[in-house]
Amino acid sequence: MDLLEYQGKQLFARHGVPVPSGSPATTVEEAVKAADEIGYPCVVKAQVQIGGRGKAGGIKVAKDRQEAETHSKAILGMDIKGHTVHEVWIEAASDIAAEYYASIVFDRSAKRPLVMLSTQGGMDIEEVAENDPDALVRLHVDPLLGFQDFHARRLAFEAGVDADVVRPLGALLTKLYDAFIKEEAMLVEVNPLIVTADRQVAALDAKVTLDDNSLFRHPDNASLRNVAAEDEQEQMARERGLTFVKLDGNVGILGNGAGLVMSTLDVVAQAGGSAANFLDAGGGSKAEAITSAVEVILSNPNVTAVLFNIFGGITRCDEVARGLIEAFDQIKPTVPFVVRLDGTNDVEGRKLLADANLPNVHTESTMLGAAKKVVELAG
Amino acid sequence: MDLLEYQGKQLFARHGVPVPSGSPATTVEEAVKAADEIGYPCVVKAQVQIGGRGKAGGIKVAKDRQEAETHSKAILGMDIKGHTVHEVWIEAASDIAAEYYASIVFDRSAKRPLVMLSTQGGMDIEEVAENDPDALVRLHVDPLLGFQDFHARRLAFEAGVDADVVRPLGALLTKLYDAFIKEEAMLVEVNPLIVTADRQVAALDAKVTLDDNSLFRHPDNASLRNVAAEDEQEQMARERGLTFVKLDGNVGILGNGAGLVMSTLDVVAQAGGSAANFLDAGGGSKAEAITSAVEVILSNPNVTAVLFNIFGGITRCDEVARGLIEAFDQIKPTVPFVVRLDGTNDVEGRKLLADANLPNVHTESTMLGAAKKVVELAG
Amino acid sequence: MAILVNNDTKLCVSGITGREGTFHTLNNKNYGTNVVSGVTPGKGGQDVEGIPVFNTFHDAVEKTGANTAMIFVPPRFAADSILEAEDAGISLIIAITEGIPAHDELRVYNHLATNPNVRLVGPNCPGILSPGKANVGIIPASFFSEGNVGVVSRSGTLTYQIGNELAQAGFGNSSIVGIGGDPVPGSSFIDIIAEFEADPETELIVMAGEIGGSAEEEAAEFINANVTKPVVAYIAGFTAPPGKTMGHAGAIVSGSAGTAKAKQEALEANGVRVGRTPTEVAQIAAEIAGSLKTA
Amino acid sequence: MAILVNNDTKLCVSGITGREGTFHTLNNKNYGTNVVSGVTPGKGGQDVEGIPVFNTFHDAVEKTGANTAMIFVPPRFAADSILEAEDAGISLIIAITEGIPAHDELRVYNHLATNPNVRLVGPNCPGILSPGKANVGIIPASFFSEGNVGVVSRSGTLTYQIGNELAQAGFGNSSIVGIGGDPVPGSSFIDIIAEFEADPETELIVMAGEIGGSAEEEAAEFINANVTKPVVAYIAGFTAPPGKTMGHAGAIVSGSAGTAKAKQEALEANGVRVGRTPTEVAQIAAEIAGSLKTA
């Protein structure tokens, strides 16, 4: 789960990472009130989960109330690369002497947290890493030992930060690591991490990705989910407990098991089609879950045909067939369905479908055959 | 550093270990006021760092204000095995269904924390361990991994605690481990750990030993030092930064290095004498430190002779000699001194002493010879 | 032979008294797996159709000699159960549980790495099947027969799909190992491929990877340097958009890292043939097996 | 030969720019120890009488090839410095610092135990002297000459006392190792005695223990089972009262555990002669050395 900038900063602040003071606002009135409280100059920042807000005009300095109002009006409701701005963050302006970069990522390959620091902050760090690899210092941390003072010093000295901020920067990194671990983040990124004119360090931006699987331990974080930014169909799927990703094509897909569904998308593409979604009905799906999944798939108006690709292990093909029959009964779909049932109770499942004689439902015996058929039907 | 029961309980409470509510009091008035606030029945408990308070009459239940006053009066000022009661702890009475035992010790041998649990609480646990070893479940914890839920379950199931308290007891142990680690304790002991009639668990007693070397990180804990209970001479030594232990004999001892001083005590004993103290003047002692140490040694009226046993490494024998000369100048001791100087600058040191011609100061060239001489002089 | 689970397996199931736990435990037992015990705290002394249940893994190991653990408890209890199994001396831990927090997995992985005597397979995996010998997990055994193809996969149903296609092409399996779709699998492709390389029964290795991470790329280099047996690979997720988690917590293309294309290229650059569909994997396997027989 | 420090030692001193650090570093250098560098964060680029100073151990190791570290920083920074030295690849860390918190030592010990390529000696120890080769620490080298007696001790000055008595009895030393008086020493008697057993130059081993813990008892059993060379022991603290810390944080009799008497009995029961005074230790050593020469 990705947090908005200000949610990330509030999370940082809970762990003692210094951040500029600020307030969120969803209306121009709230924004101006917040700006008055914070004082001028202040910064009006669009809260959307996408980079390049500054270039898109989503970050503006307001030197007085008049500007705070103008900027808030302009930014609230603005579209930034497909993301509508529903919220702004009003923040005290910072007097910036230097811009650094710091991040901690959950490094799957090394199986350790990876801490990175650079003095070349405020720009695209992937570019820095490419053009000047030495400018980005990388250090893995043994999670059982934790982040030690020597890690902080080594990062600071090797990155070549100003001598007078080695200590405060080290303290900031220690707290950032603490936030990463305690909040069970997959990523915490600060770009830029600023040194102010009075030689303080602070996180001027915050990018935080939390582990969805850990949210049961962090109810406060779970409530930060930005439902407004979420696709309606994905939201509907999530509420039904389905593993769903919306895609651009017109072939609705339902399968069981993430790998098989991914493979199904690929095979559909090879057959010349394009999937409208990823939907993993999961292991041991019961009829109701299947019915519910069909509803989600068909809620996408782009869908012109649907492919069921089931290889039953725990999932029983007869349950899938029952779910599909129930869905036809309830929803009465108008698009063609191609169904491939293999594995546990496949014979029973196919027989149920044959008996039901659903309109415009085609059964296929192989995954490849089913993919070709559905692409043909989707048009 | 050992804490008083109530200090230990307050420390426990900070980490969520359940303890009965209570208040400390140093006067009868305070005690009665506290008892009124807590309600009756309550318990008046002598706060001294020694076991067997109950048998000595230092723990009494007060069923009303009258009894609270009587008991507080009796207990405040009471002497328990040489410890004067300066403070009582007034605690809400508990309805006890079972008495368990739990402790965590810093196990030097295993280099791991050792967690122990028994259902035979409320009695001397060393006796339990001796008479019925299986009744005391012992489990080491990898400090890098920390105390896990499975450790708590294993302790609880193996100790055979009541099934309905496996979970709350596990939670208590987890918090107790947290306290042990976060407060850098050498020992936390709960005896008895009670199950109340309404099936809650709580620490009814608390024995906590903190690591003196860690107190710089725990200023709040450092301020808990029970100066009143400390020997006056030991307090004087501590304030002067000397490593000092008061003993029962009459030979004052000063040496450099803990091992050499211990060895000196032993050799004095072998020579038929008995040391009045352990005093390690430390590595690289300067003259002032030696002078200061002589003052501490002589503040014990039992001392009838003093042995200096110095093997100079970092410590320079000439500095020791200068310190002794200065001490004679300032304090004018009346007891005989035996001085053995060996090692760095020993020739210079001996010459300084010879030149100073201090009254009743005898130099010896070996540790054994010096020990024999001082025992002879001590009488 | 087969790898990891076989006739010497003595299985203890954590979460044996749960609905799913009981179902699959009995399923495994019916297949012939030697299920010696189960663990459910507070239910020690009970039994599940004759399989004794203990409060702790330590009890179960001491009293039933269990050497293999299957973890079937809910995600919030799974890390603790794995650590308990390791502490009790279990040498192979197979974690089926899906949805374990990533930081729990990190801690478990790094702790287990300090003990050379334990192997974790999973979590979020279908388990391990050695046809004709033992089945630990949820792999539907009926599709697979004994043979010489070792299969290792990040995905359950994809494994069945490929296994089924292999079976239709006439192949049986030495062992089928699901390593799971989580970000920090206890065992990697490399770990399992090394086992297959050392297993005399295995003549051909099939690996089924997917987007996310770099385990396939690392395996490619390992195979090139250390594996003498032929390896055929499949990668799922060519059409997955970046930044989206495709069902498995570990299946996500982050920026330009972890794409199916990069994995395919790494494998091919290291001499591993990659099938474009599960069917093609079976075809390539058949081709290689044919040449093995001629050779 | 000698053990642990010798002509191959390349020493890097943490805390080299402190008063004590500078003094003892130069002392060690003057003795002939190859001091290649020092570490003081923020003072990288400076030097201490020609010894280059670095900000991090990693820099010092990379640029000067240091293989041995001496830790001379104040207690609150010592654990971090030890961990840094280990992380930088130093294989021998000698920690002089006294007063390190016990939980820091616990964490350091358990972390270093996962790395088979590192040895920690100390903390709260006088260091290691291999007469004629290298001196790392604060042992006054002038009292000791090259020879065949290996000495290992929990106490600094007691070591000098015993070493001096040995010298007066005509013995030189292969190495003198102070393992320190703290509750969690990085190296135990067993670790060092095993080194002496393997060192061809060492013919006789003297160990000086004291009250507290069970390291001497464990060493006694180890000696009985594994050591062919004669061992003479001394134990300090027979007259120490229980429950009192006798200077060294580790020197405390807890209840009935850790007494000098128990240690003496354990050693004697395992065939180790125990001298009642430092002088008697030297006498026994002389006696044994005499019989070695006759044999």
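Yeah, the Cβs are placed from backbone N, Cα and C, and that goes for glycine too.
Heads up, TrEMBL stuff is auto-annotated, nobody curated it.
D:Lys43 is the only one of D:Lys29, D:Lys43, D:Lys63 that TrEMBL places in the CoA site (with D:Thr17, D:Gly18, D:Arg19, D:Glu20, D:Ile96, D:Thr97, D:Glu98). Shown are the recorded positions D:Arg19, D:Lys43, D:His248; the one with the most C-beta atoms within 10 angstroms of its own C-beta is D:His248.
The residues of the domain 'CoA-binding' (D:4-100), classed with DSSP into helix (H, G, I), strand (E, B) and coil, number 34 helix, 23 strand, 40 coil. It is 16 Å from the Cα atom of D:Ile96 (CoA binding site) to that of D:Tyr160 (substrate binding site). Taking CA atoms as the reference points, D:Lys43 (CoA binding site) and D:His248 (active site, tele-phosphohistidine intermediate) are 32 Å apart. The subset of recorded positions D:Thr17, D:Gly18, D:Arg19, D:Ile96, D:Tyr160, D:His248 lying near chain B, with Cβ atoms under 8 Å apart, consists of D:Tyr160, D:His248.
Across all of the domain 'CoA-binding' (D:4-100), the predicted model scores a mean pLDDT of 97.
DSSP assigns D:His248 (active site, tele-phosphohistidine intermediate) to coil, not to a helix or a strand.
A Cα-Cα distance of 19 Å separates D:Tyr160 (substrate binding site) from D:Thr97 (CoA binding site). D:Thr17 (CoA binding site): 18 other CB atoms within 10 A of its CB, across all protein chains. Of all the Cβ atoms in the protein chains shown, 17 others lie within 10 Å of the Cβ of D:Gly18 (CoA binding site). Taking D:His248 (active site, tele-phosphohistidine intermediate) as the reference point, the binding-site residues whose C-alpha atoms are within 10 Å of its C-alpha, out of D:Gly18, D:Thr97, D:Glu98, are D:Glu98.
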